[in-house]
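Undergrad: Quick one: the structure is below, and I'll ask about it shortly.
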């Protein structure tokens, strides 16, 4: 049986005992890079006073906690839970911003199995509330990042359940999405795309 | 030494080994009630399609993880971290909504030690981005809940660091805040206050 992380990636057992931060576990080197790039961009936006957008903590189901005398509570048994929302949200110019970031090693399409039903439902609810909702997709082989508005994901997702294709063609993403070139600071300047689409700037 | 939870509450050691969800640990009965009331209200808003507002997961610093064969990864050592933002955020009518909920057993004022510097900084950043930012305050003895816009908290917080008082007088909260009566569904209808203040409804 393949064990999967909350983000759907298969778990590959580590060679030695882990005593490090979970981020190093739950993301491959490539995934780490995308997440790090976004976190660094968010930090830049925050420090510059441009936007307040954070990654949500990884949800954990805690089963057992120890309370050693004179020191902090230690969680002794817990399990990863699946996030019931997307990973990133926050505020920009008063508007609510919500997105998920995913990457693939595919070259010609983006597989839908990177998303989960509850994430899609969450994004649909946000969309109905007029929130700014999108996905950041990275094709890791070519190191290309695209900004795609959530409604495009919805249509492919809904078609899939009716027997449609299981991925979004890259050609479609290129046509309907917005390419984001990686720069130094912010590394992934997705606010520029938001300015263009939602604020006509 | 008193051990404190991320929310600032003192830890009272349990009588027997805990094998239950952390929510039962980190909130006193009273605190649980406020959190439960808000979660139930958010669930109501979500199901009714009125707003999408969630509580963020409790952040945890993971130190050690075990990977038993044929079963899910088990976190064997982890510690509670302090949330770097507020606990609740989401979207309502396209606007970003962000708040923190706290309660006190005091009768005449709300102690500022219920808040942390990083929470205040987060709320100030949200306020600058024109997000809807507030606190829900509960006086548990009288079971009164107030909606207070964050800028009122800021002024008391900033005064405190200059030697000002360490709490917000209840009289001030009554004058500048909005009382929310507890009802059945939603239990704490804070959207009604948002409608009134921000949408002139």
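Heads up, residue numbers simply count up from 1 along the chain you see.
Quick reminder: no glycine exception, Cβ is built from N, Cα and C everywhere.
A TrEMBL annotation is a machine prediction, not a hand-curated record.
Dumping what TrEMBL says about this protein:
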- A:85, A:87, A:100, A:119: Mg(2+) binding site (BINDING)
- A:102: site 'Transition state stabilizer' (SITE)
Undergrad: Express the distance between the Cα positions of residue A:102 (site 'Transition state stabilizer') and residue A:119 (Mg(2+) binding site) as a whole number of Å.
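TA: Rounded to the nearest whole number, the Cα-Cα distance is 12 Å.
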Undergrad: So which of these recorded positions, A:85, A:87, A:100, A:102, A:119, get their C-beta under 8 angstroms from chain B?
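TA: Near chain B, the qualifying recorded positions are A:85.
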Undergrad: Cβ within 8 Å of the Mg(2+) site's Cβ centroid: which residues qualify beyond A:85, A:87, A:100, A:119?
TA: A:83, A:86, A:88, A:98, A:99, A:122, A:123
Undergrad: Would you mind pulling the DSSP three-state label for residue A:102 (site 'Transition state stabilizer')?
TA: strand
